[in-house]
Amino acid sequence: MFQGRSFTKEIDFTQNELNYLIDFAIHLKQLKKQRIPHEYLKGQSICLIFEKTSTRTRAAFSVAASDLGATADYFGASDMQMGKKESIEDTAKILGSMYDGIQFRGYKQSDVEALATHAGVPVWNGLTDEWHPTQMIADFMTLKENFNRLSGLNLVYCGDGRNNVANSLMITSAILGVNYTVASPKELFPDSDLVELAQSYAKKSGATITLTEDIKQAVTNADAIYTDVWVSMGEEALFDQRIKQLMPYQVTQELFDLANEDAIFLHCLPAYHDTLTNIGQEIASKYNITEMEVTDEVFRSDYAKQFDQGENRLHSIKAIMAATNGNLFIKQLD
């Protein structure tokens with residue numbers, strides 16, 4: 001059922017299939033903790049293409065491949081001719097003839113979809129400018145670990161409501177029956193076509209999709225508050241504009257006091273919560289602020305689950321790779 005399929009965006013899989021991947025990831029996490037071998041990809045070779053820099057995605061795919069018994073080769077932006085001297089189609093056919101699976105982290109969604117069309121092996125989207133599907137399995141896995149359910153939860157995203165993570169959260173929430181709220185300035189609301197798509201899934205799952213500029217109203221009774229950097233990769237020139245737009249949407253303890261008592265904080269990382277980075281110091285010097293999308297108090301709180309979420313990238317990516325390339329017996333889910 002999963003075998004041989006690519007995962008380029010969330011809508012590639014049904015509600016039942018996404019739920020299966022989440023539950024399978026939780027199972028694989030238990031196997032890892034108990035040091036029980038699970039080499040479902042033993043003898044395979046995996047290609048990792050990174051046009052963009054990465055910490056969690058690269059580490060997760062590399063360790064996941066190793067745990068599953070496969071080897072992984074890394075290709076950075078300067079290591080390949082793809083799209084420069086050689087077309088994506090030609091590159092895909094060559095790589096697909098040598099590798100058993102391909103991970104792509106880059107800019108254009110059309111590039112990862114072209115790889116999936118022509119490679120002849122599963123292709124996994126590690127992030128594009130439009131979507132971040134592997135992140136979603138980890139995110140909703142983290143929600144399920146904390147609440148033992150997904151349907152009916154209230155997930156609130158604060159910040160830039162039209163970046164790739166926000167897009168993916170909205171669509172995945174709609175598919176899985178999670179009530180999703182975007183709290184952002186109106187000019188940073190998600191694209192209307194995506195909202196329409198989310199609404200169509202929400203009608204089937206019973207979820208609600210809400211867009212609001214009122215952050216306090218948004219977080220009231222939230223089960224999880226999620227944020228991301230205000231400036232995505234390649235948008236560094238927009239810091240001044242985004243700080244002015246989004247400072248009212250900073251996640252603070254005051255906001256969490258409005259959420260449910262057992263609410264958790266999520267962030268896909270990296271986060272600008274202090275001045276212990278070069279960029280953090282530059283921002284502090286230029287704009288006289290020491291925290292951006294989340295305060296250090298919230299980031300270091302007991303209810304902040306971003307490091308569990310980050311670890312879950314490993315287990316969720318492992319589930320995706322094993323399900324789509326491990327020849328596992330998985331009963332029909334739909």
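Even glycines carry a Cβ here, placed using N, Cα and C.
Annotations in TrEMBL come from automatic prediction, not curation.
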Of the candidates Arg35, Arg105, Arg149, the one that TrEMBL places in the carbamoyl phosphate site of Ser54, Thr55, Arg56, Thr57, Gln81, His132, Pro133, Thr134, Gln135, Cys268, Leu269, Arg313: Arg105
From binding-site residues Asn164, Asp228, Ser232, the one whose Cα lies nearest Thr134 (carbamoyl phosphate binding site): Asn164
DSSP three-state assignment (helix, strand or coil) for Thr134 (carbamoyl phosphate binding site): helix
Gln81 (carbamoyl phosphate binding site): tally of other CB atoms within 10 A of its CB: 10
C-beta crowding around Thr134 (carbamoyl phosphate binding site), within 10 angstroms: 27
